[in-house]
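Before any comments, here is the structure.
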Amino acid sequence: MAPSGSRSIKRGCQRVLYWIPVLFIALIVAWSYYAYVLQLCIESIEDTGEKVVYLLVYHVVFIMFVWAYWQTIFTKPMNPLKEFHLSHSDKELLEREDRGESQQEILRRIAKDLPIYTRTNSGAIRFCDRCQLLKPDRCHHCSVCDKCILKMDHHCPWVNNCVGFANYKFFMLFLLYSLLYCLFITATDLQYFIKFWTNGLPDTQAKFHILFLFFSASMFSVSLASLFIYHCWLVCKNRSTLEAVRSPVFRHGTDKNGFSLGFSKNFRQVFGDEVKYWPIPVFSSLGDGCSFPTCLVNLDPEQPSSPTGSNPKQSLHKGRQFPSKPLRESQSRLLTSTPSWSENETATDKDRKGKMMLLL
């Protein structure tokens with residue numbers, strides 16, 4: 001009982017400590033609100049029109065920033081579906097076998113009925129001993145959350161949460177709106193920052209808030225800009241942070257662009273098909289996080305369906321559909337195979353050439 005009790009106390013202390021970075025960000029944001037709204041806009045800006053415009057724009061950006069940050073923190077990461085978990089009989093069978101090729105044979109047999117195309121570096125089935133499941137493509141085990149996270153990007157201490165399939169769009173919007181928040185403060189505070197050094201401000205406590213507000217907003221802008229640009233590049237390439245560090249391995253070998261479908265489809269896979277939802281922190285990503293279309297030419301012959309030629313979520317496995325939840329029409333358009341722009345252009349060119357020949 002004593003070791004169990006000490007472990008629970010340790011886990012409780014860790015959970016409290018994990019919230020310290022989030023509390024730090026919350027305090028910084030609360031102070032910036034006080035410094036900008038009260039000390040700069042209300043106390044220091046004399047022109048009423050300028051004051052109203054600044055306050056209106058500021059609060060729009062502030063609300064979107066806080067909303068995206070809240071969604072990133074409190075959206076629960078998605079875990080693999082029950083189809084990827086080992087059944088009780090499979091667990092017993094796996095435990096009876098010696099670790100090695102015999103266990104891999106069992107895992108390969110189970111994986112045949114699942115849309116799994118990635119492997120370990122040695123070519124083995126990706127299996128999580130901790131969660132007792134076959135890892136879906138792009139899924140990884142988080143040591144902090146102690147769970148397997150679908151399309152895991154990284155565990156972010158600043159949001160005390162895993163960034164993955166469920167909240168990656170929210171994380172991107174959080175970076176965007178926090179960057180806009182800092183840039184707006186820096187741009188509108190600049191003239192009063194200059195007045196501070198030319199003694200153009202009244203000698204009140206507001207001048208020191210204006211000074212530190214400019215320094216903190218400009219410094220955060222630099223770090224946020226670099227992070228946002230990096231994740232924009234990842235979205236364009238359809239990679240996670242983990243995949244950028246270590247490329248996914250397929251049966252034919254390592255392929256860093258294995259999940260890339262082109263810029264348009266890569267972007268829509270994260271933000272969805274409907275443009276009106278792109279800037280809003282509501283879930284609109286396509287797919288279910290357990291399987292992803294690929295651009296592979298050498299397909300896995302052991303798998304029941306092609307990730308490029310058909311929708312792996314809607315293929316039948318032993319008389320049942322995987323998964324049971326049907327896809328929306330917008331998801332099916334992304335995941336099913338459609339002619340590329342080059343193919344469409346080629347067909348159009350052929351039609352034009354045929355008409356020209358008839359006219360001649």
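Here the Cβ of each residue, glycine as well, is placed from N, Cα and C on the backbone.
The shown structure was predicted, so the numbers you read here are calculated from the model rather than taken from an experiment.
Feature annotation from TrEMBL assigns compositional bias 'Polar residues' to 303-314 (among others).
Sequence annotations record features per position, and here TrEMBL assigns compositional bias 'Polar residues' to 332-345 (among others).
In terms of DSSP helix, strand and coil, the domain 'Palmitoyltransferase DHHC' (125-246) has 67 helix, 16 strand, 39 coil. The domain 'Palmitoyltransferase DHHC' feature in TrEMBL is assigned to 125-246.
Here TrEMBL flags 301-354 as region 'Disordered'.
Within the chain, the transmembrane segment (16-36) has long-range Cβ neighbours (under 8 A, six or more residues past its boundaries) at 58, 62, 65-66, 69, 73, 144, 157-160, 185, 189, 209-210, 212-213, 216-217. Residues or ranges marked as transmembrane segment by TrEMBL: 16-36 (among others).
Residues annotated as transmembrane segment in TrEMBL: 52-70 (among others).
The transmembrane segment annotation in TrEMBL covers 170-188 (among others).
Here the transmembrane segment (208-230) has long-range neighbours at 28, 32, 34-36, 39-40, 44, 172, 175-176, 178-179, 182-183, 185-186, 189-190, 192-193, 196, 201, meaning same-chain residues at least 6 beyond its ends whose C-beta is under 8 angstroms from one of its own. The transmembrane segment annotation in TrEMBL covers 208-230 (among others).
For the transmembrane segment (170-188), the residues of the chain that approach it from at least six positions outside its boundaries are 32, 36, 40, 54, 57-58, 61-62, 64-65, 68-69, 71-72, 75, 153, 156, 159, 163, 213-214, 217-218, 220-221, 224-225, 227-228, 231-232, 235, 270-271, 279-281, 283, judged by C-beta separation under 8 angstroms.
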